[in-house]
Amino acid sequence: MRKMLAAVSRVLSGASQKPASRVLVASRNFANDATFEIKKCDLHRLEEGPPVTTVLTREDGLKYYRMMQTVRRMELKADQLYKQKIIRGFCHLCDGQEACCVGLEAGINPTDHLITAYRAHGFTFTRGLSVREILAELTGRKGGCAKGKGGSMHMYAKNFYGGNGIVGAQVPLGAGIALACKYNGKDEVCLTLYGDGAANQGQIFEAYNMAALWKLPCIFICENNRYGMGTSVERAAASTDYYKRGDFIPGLRVDGMDILCVREATRFAAAYCRSGKGPILMELQTYRYHGHSMSGPGVSYRTREEIQEVRSKSDPIMLLKDRMVNSNLASVEELKEIDVEVRKEIEDAAQFATADPEPPLEELGYHIYSSDPPFEVRGANQWIKFKSVS
């Protein structure tokens, strides 16, 4: 009897040391998965599209929620550091568009490829880099993913080719990556992203043509967040059906605020490309909460009421949270714990990004030539070490 009472006492004392929310989560029986109806995609030159129902497992749901919250909090921290003048130069934030970067990654393999424009922080994270490396790159520190030399627009990871600052210029590069996949006989695809503001660039249509001629495994993806730098899509494009812009290339228009819609559409598009049918085009209808960049608040060409309406009705994190709670895939308390953990991760990363040293001046000449450069050119050394760059 004494042994039994002692065992019960140990169990109770262990439980009392844990937060009440953790005890509740541990004792609750959650569903392993749930089936959801998702919005049907608009189709162009396709007889069938992605499914209109999908299964979400508890494990995947928790992973997607954590990833989207991490991207959201990371971008808000970048906003704060920029306003403190710790981050300088160009900086384009993607809060509001988390379902795009997380959903696209959920629909492909790690060995697949991705290239995007300058709003790249979220994709850099989903492709496998840490928040520490991203924030340190934003602050120009040695521990950044590009040694502090790339900044907001030029981050890279394995099978992730940036981060490109010239509007639309990454699209032909993406077609070239897809050409390499086909040439090397690999069962891989390249996700080639651009925004609605770049969709009228001539080089994009040239890339469409070559990709279709050579049947390249390229998924062209237009992130339509409704506005270019400060111009609505209706004022910039004669046709806002961006998923039809490929003409001879099949296309999908996808709810880019719903991570499950994005995931299923990406799986469908990737399977299409892997089957040897050639390229496909996806338009993700999404929304950014910040302005085009940190140089503008983003309320001179749209109202604060419009932004708030999207936040209250279509926020991608809120949508996933409601689905998981209502289908017993997670509890409110469990998701709050994730929120707390994410906030701590972001704060720790921000401390690292502000305390890490800046790269030394000699770093300026590294990673330019594939082999040792000819330092002496016409009797001059262009990489002579100065005490200051000013």
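Including glycine, each Cβ sits where the backbone N, Cα and C put it.
According to its DSSP assignment, TYR118 (thiamine diphosphate binding site) is coil. What Swiss-Prot lists as pyruvate binding site is HIS92, TYR118, ARG119, ALA157, GLY165, VAL167, ASP196, GLY197, ALA198, ASN225, TYR227, and the listing cites similarity to another entry.
Remark: ASN225 (Mg(2+) binding site) has GLY96, GLN97, GLY195, ASP196, THR286, TYR287, ARG288 as non-local neighbours, by Cβ distance under 8 Å and separation of at least 6 in sequence. In the three-state DSSP scheme, ASN225 (Mg(2+) binding site) is classed as coil. If you look up Swiss-Prot, you'll see TYR118, ARG119, GLY165, VAL167, ASP196, GLY197, ALA198, ASN225, HIS292 marked as thiamine diphosphate binding site, on the strength of similarity to another entry.
Long-range Cβ contacts of TYR227 (pyruvate binding site) within its own chain (separation 6+, distance under 8 Å): ASP196, GLY197, VAL233, ARG288, HIS292, GLY298, TYR301, ARG302. For ASP196, ASN225, TYR227, the entry in Swiss-Prot reads Mg(2+) binding site.
For LYS63 (N6-succinyllysine), applying a Cβ distance below 8 Å and a minimum sequence separation of six or more within one chain yields no residues. Feature annotation from Swiss-Prot assigns N6-succinyllysine to LYS63 (among others); the stated evidence is similarity to another entry.
Residues or ranges marked as N6-acetyllysine in Swiss-Prot (evidence: similarity to another entry): LYS63 (among others). LYS63 (N6-succinyllysine) falls within a helix when secondary structure is assigned with DSSP.
SER232 (phosphoserine) falls within a strand when secondary structure is assigned with DSSP. The phosphoserine feature in Swiss-Prot is assigned to SER232 (among others); the stated evidence is similarity to another entry.
LYS244 (N6-succinyllysine): 18 other CB atoms within 10 A of its CB, across all protein chains. In the three-state DSSP reading, LYS244 (N6-succinyllysine) counts as helix. What Swiss-Prot lists as N6-succinyllysine is LYS244 (among others).
Under the heading N6-acetyllysine, Swiss-Prot lists LYS244 (among others), citing similarity to another entry as support.
According to Swiss-Prot, the feature N6-succinyllysine maps to LYS277 (among others), an assignment based on similarity to another entry. Taking a C-beta cut-off of under 8 Å and a sequence gap of six or more, LYS277 (N6-succinyllysine) has these contacts in its own chain: LYS215.
Per Swiss-Prot, phosphoserine is recorded for SER293 (among others). For SER293 (phosphoserine), other Cβ atoms within 10 Å of its Cβ number 17.
The feature phosphoserine is assigned by Swiss-Prot to SER295 (among others). Following the DSSP three-state reduction, the secondary structure of SER295 (phosphoserine) is coil.
Annotation source Swiss-Prot lists phosphoserine at SER300 (among others), citing similarity to another entry. For SER300 (phosphoserine), applying a Cβ distance below 8 Å and a minimum sequence separation of six or more within one chain yields GLY230.
In the three-state DSSP scheme, TYR301 (phosphotyrosine) is classed as coil. The phosphotyrosine annotation in Swiss-Prot covers TYR301.
Per Swiss-Prot, the feature N6-succinyllysine maps to LYS313 (among others). Neighbour count (other Cβ atoms within 10 Å of the Cβ, all protein chains): 10 for LYS313 (N6-succinyllysine).
The feature N6-acetyllysine is assigned by Swiss-Prot to LYS313 (among others).
Positions annotated as N6-acetyllysine by Swiss-Prot: LYS321 (among others). In sequence order, TYR65, LEU335 are the residues near LYS321 (N6-acetyllysine), counting only same-chain partners six or more apart with C-beta under 8 A.
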Which one is it, among the modified residues LYS244, SER293, LYS336, that lies nearest to ARG119 (pyruvate binding site) by Cα separation?
SER293
Could you tell me which three-state DSSP class LYS336 (N6-acetyllysine) falls into?
helix
Mg(2+) site shell beyond ASP196, ASN225, TYR227, criterion: Cβ within 8 Å of Cβ centroid:
GLY195, GLY197, GLU223, ASN224, ARG226, GLY228, SER232, VAL233, TYR287, ARG288
Near the Cβ of ARG119 (pyruvate binding site), how many other Cβ atoms are there if near means within 10 Å?
26
